[in-house]
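Remarks on the structure that follows.
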């Protein structure tokens with residue numbers, strides 16, 4: 001116990017020492033900060049020069065901003081605007097170079113003075129140029145420009161024109177007929193304006209159309225279907241259905257033409273000695289037929305697979321429902337058992353609690369027992385119905401008088417097969 005007490009004393013003493021050291025350090029920091037604040041600031045000649053330069057730059061920037069505002073308000077050309085932008089860029093570059101020089105240090109004061117004078121002269125020249133540009137009229141632009149500036153301006157203008165053309169081409173709409181429907185496409189399709197001048201088209205058709213009605217069917221041999229084919233097609237994107245509709249239309253037209261040619265007594269069947277090659281060969285038509293059959297079988301298989309998936313989902317739903325029902329029943333029975341146990345402890349059980357419904361369950365499962373089971377009856381007759389087997393095999397008056405199981409046919413045994421000679425005699 002003594003050792004533990006000493007250790008506690010040492011720890012508390014050490015903590016007190018640390019607190020005292022922290023307080024001393026805080027006081028020292030506060031005093032140093034107060035002394036720094038009270039120290040007088042020493043202003044050198046270099047600091048004054050820097051302040052003057054900063055003030056001059058600020059004034060120049062303000063003047064340039066004012067000039068640019070006036071310039072924008074007046075109707076000046078794009079070339080003058082570009083010149084102003086170039087001069088502003090030069091000013092920014094000069095500011096950056098001056099900042100780098102100040103960071104490196106003031107080594108040569110004489111060199112700095114010269115640079116300052118040169119900068120001041122350049123700034124004054126820039127101011128004069130800006131004032132001239134602001135006061136100049138739009139009519140005297142071509143006279144004041146030099147050849148180099150004009151070439152540069154032409155290049156810039158050409159670039160701007162090319163950019164504008166590209167933007168216009170990008171913004172141009174594309175007709176809806178030329179667009180492939182794609183989710184990633186950025187093009188906005190538009191509908192072309194169409195003029196459905198039916199009168200003019202009918203008039204043109206009358207001028208071009210030959211009077212076939214006046215002539216016989218043999219001369220034109222053209223059949224027009226009375227009904228529209230697309231009316232009978234449910235899905236126009238179904239290749240099989242569409243091909244069947246075309247086939248039916250052509251077959252109807254052939255039958256009409258056949259009747260007309262028969263009426264005119266014109267031979268239309270191919271002679272027996274004439275063999276002409278079809279437009280599409282039999283191999284090609286077999287390929288088309290096979291492709292159509294394959295597509296139809298694939299479609300049927302997809303539908304069957306979809307139906308099986310739906311049945312599987314339904315089966316899973318039924319299974320889940322039955323499992324949930326079982327879980328609920330189990331939970332209810334467990335809760336009943338638990339409540340009965342609790343009531344048994346406190347002797348609060350009534351006779352109604354034991355009304356489980358066993359008799360109803362048995363009555364529900366009871367089946368018709370009017371007809372005896374034949375298999376069971378035969379076994380009982382052979383082996384007995386259980387119980388004591390002693391003295392069962394001994395005869396009495398009733399058993400000896402019972403002749404129901406006797407058969408003379410069975411006593412005789414099985415009849416032997418006759419020989420070959422007897423069998424031959426039969427036939």
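Placed from the backbone N, Cα and C atoms, the Cβ positions cover glycine too.
As annotated in Swiss-Prot, phosphoserine applies, among 77, 104, 136, 162, to 104. Feature annotation from Swiss-Prot across 12, 183, 281 places phosphoserine at 183. Record note: of 46, 177, 297, Swiss-Prot gives the feature phosphoserine to 177, with no matching annotation on the rest.
Segment annotation: Swiss-Prot labels coiled coil over residues 234-265 (candidates 202-233, 234-265). On the 0 to 100 pLDDT scale, the model's mean across the coiled coil (45-174) is 63. Across the compositional bias 'Basic residues' (79-88), DSSP helix (H, G, I), strand (E, B) and coil residues number 10 helix, 0 strand, 0 coil.
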